[in-house]
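Going by Swiss-Prot, these are the annotated features:
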BINDING   Lys32, Glu89, Lys128, Lys461  (6S)-5-formyl-5,6,7,8-tetrahydrofolate binding site
DOMAIN    224-387  domain 'TrmE-type G'
BINDING   Asn234, Ser253, Ile255, Thr258  K(+) binding site
BINDING   234-239, 253-259, 278-281  GTP binding site
BINDING   Ser238, Thr259  Mg(2+) binding site
Amino acid sequence: MKNTSSSTTLTMNDTIAAIATPLGKGAISIIKISGHNALNILKQLTQKQDFTPRYAYVHDIFSNGVLLDKALVIYFKAPYSFTGEDVCEIQCHGSPLLAQNILQACLNLGARLAKAGEFSKKAFLNHKMDLSEIEASVQLILCEDESVLNALARQLKGELKIFIEEARGNLLKLLASSEVLIDYSEEDIPSDFLDGVSLNLEKQIASFKDLLDFSNAQKQRNKGHALSIVGKPNAGKSSLLNAMLLEERALVSDIKGTTRDTIEEVIELKGHKVRLIDTAGIRESADKIERLGIEKSLKSLENCDIILGVFDLSKPLEKEDFNLIDTLNRAKKPCIVVLNKNDLAPKLELEILKSYLKIPYTLLETNTLNSKACLKDLSQKISAFFPKLDTQNKLLLTSLAQKIALENAITELQNAKNHLETLELFSYHILSAIENLNLLTRPYETSQMLDSMFSEFCLGK
C-alpha cells in the first residue's frame, strides 16, 4: 500500500491510520485514524464539515469524488479518546478490498500507516492507560481461557494499577519514617515501631507472593494440560481420541500399527485447555518406522501431565499389556486406566491388572464407539486432575517483565526486613523495591524500549 504523506519522519505527532479488524470478509471492517489531522481527513472523506463528538453518523465515503461506501463514522475529540488525540473511526462494509481502499484514501489525505501497536503506544505516552492496562487489552484479544477473562477485565479497569499504587504508597510511608529516624541512635528507636514495620512488610510480601503465585499458575494453565493416550495396538487409542474430538481425526483400523506417529489436538474441557496426544501403539516391532513412532510415544510420556492408559476389556491380558503397565509405573504420572470396549463380553483379568499397577490411578470402563457418553465420562475423570484456581477477585501479571519486577520487589522487601535495625540499608532496599514496582505500570526507559514493547501488538491496536 502506497503512503503518499509528504512526511518521512515517524513521530508520535503524526496522524496515523490502520484497519483495526482482522483480515478477511465479515459484516464490517473498522478503519481507525488518530492524530491532529484525523478530523480534517474525516471531513474530506465524507464531504461533511460538522461532527459532534461521540455521535454516530451514517454517511457516504468518497475518494477523489468517487463514492466508496455508505459507512458509520464516529469522531472522538481529544483528550476523550483511546489515544488521547483526536480519533475517528469508519465502520464500513466488511470487504477487505473496500477497507483497503478507504485506508488508502486516508493515507492520500496525509495520514501515515500505523505501525504495530502504535495506537496503544500513543495511549500509553498520553497517560490514557498504563502498561498493565494495555497488556490486559492485548491478552483479552488472545485469551482462550474463560476463567482468566474476569482477571483480565479487572486489570483493564485499572485494578492492578490501583493495587500497585497502594503498595507503593505504603512503602513510601515506611521510607519517610525510616529517613526521619536515621539521625536517632539505635536505642532511641521505639521497639514497637520496628515490630510494626516488620508486620507491615510481612503483609506486603504476602500480598505480592499471592499475585505472583496466581500469575505463575495461570501461565501454566494457559499452556494447556498435556494428555498422552497410550496402549497396545488396536486397544482403541485412536477411537478414544476421535471420541474426545467428536470427529474422525485419527485413522481407525483393525491393522496393528496403523498409528505410527503421535497425533496432537487441542480441546477445551470444562474451561481448561487440553492437548491430546495420540501415540503409536506400544509393542515390540521389526518395522523401523513403527519403532520410531513407539520411541516418540514413550518420549511424550516424559512431558505430559496426565496419561490415559487404554486396555482392551474384551481380551485377556497379554505381553503387550504388561509392557504398558510397566511403562505406566515408570512414568509416575497421574493416570486414568481406560478399559475400552465394555460393550463386549469382558475377558480382561481386572484384579491382575490392578495388582500390577504400582501408581495411583483412576479406573474408567467405556466404549469409544459411543462418542458422547465416552466424552462425558472422560471429562469427569480428567477434570478431577485439574488444579482448582479461584479466579474471583484475583489480579494477574501478564508479562515476564512484570513478574521479574515483582520478584525483585519481593527480594528487596525481604532484604529490608532483614536490615530493620540498620535504617540506612533498610531505606536503600525499600527504595529499590519501589523502583521495581514502578516498572509494573510505567517503565520509563528509552524510546527504543517502548518501540520494542509495542511492536508485539497488532496493527490497529
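In case you wondered, yes, glycine gets a Cβ from its N, Cα and C as well.
Quantities reported herein were computed from a predicted structural model and do not represent experimental measurements.
Taking each of the binding-site residues Lys32, Lys237 in turn and counting other Cβ atoms within 10 Å of its Cβ gives the largest count for Lys237. Cβ neighbour count for Ser238 (Mg(2+) binding site) (all protein chains, 10 Å cutoff from its Cβ): 25.
Of all the Cβ atoms in the protein chains shown, 22 others lie within 10 Å of the Cβ of Asn234 (K(+) binding site). In the predicted structure, the domain 'TrmE-type G' (224-387) carries a mean pLDDT of 78.
According to DSSP, Lys128 ((6S)-5-formyl-5,6,7,8-tetrahydrofolate binding site) sits in a coil region rather than a helix or strand.
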